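Step one of this worksheet: look at the structure below.
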Amino acid sequence: MKCPFRVGQGFDVHALVPGRALIVGGVDIPFSAGLLGHSDADVLLHALTDALLGAAGLGDIGRLFPDTDPAHAGADSRVLLREAYARVKAAGWEAVNVDATLICRAPRILPHAPAMVVNIAADLGMDAAAINIKGKTTEKLGFTGRGEGIAAQVVALLARAD
């Protein structure tokens, strides 16, 4: 029996370092540090890309866009997301909804979440009402609680496109 739905879960984490722009959900957030990574290190879009690819059974972002490939150095994660989602759609799936949690001490996520939702809705061609982004802290526990990095967890629901 073919199931008409699939669920994918994505996770990513990047360290905060001075001297880099902080790009989360495709939004340039004014902050004293940015995320360290081979691409723009957009932790939210990396976790979302993994959730979509995983749900479709298409691997993960590291296989599709390896950080050992110089072609992806400094890459815009929105471009990577759109390319990955094109593969998901080519495999016969489309996104139904996205639920994301960003975990960090700072910056505050809530003021930037609406712009992140707009970007994701545009990149996936879906209704913004089907996308939810939350910000959480770890009450000063762990690396995120100490302000050393940002983590993202994303769940995505796909439905058969046919």
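Glycine is no exception: its Cβ is also placed from the backbone N, Cα and C atoms.
Binding of divalent metal cation is attributed by Swiss-Prot to D12, H14, and within the candidate set H46, H72 the record adds H46 to that site. Here T137 (site 'Transition state stabilizer') is compared against the binding-site residues I61, D67, R146, and the shortest C-alpha distance is to R146. Annotation: D67, D69 are the binding-site residues among D12, H46, I61, D67, D69, R146 whose CA atoms are within 10 angstroms of the CA of H38 (site 'Transition state stabilizer'). The DSSP secondary structure for H14 (divalent metal cation binding site) is strand. Considering only the recorded positions H38, S39, D69, the Cβ with the fewest other Cβ atoms within 10 Å is that of D69.
If you measure from the Cα atom of R146 (4-CDP-2-C-methyl-D-erythritol 2-phosphate binding site) to that of D12 (divalent metal cation binding site), you get 17 Å.
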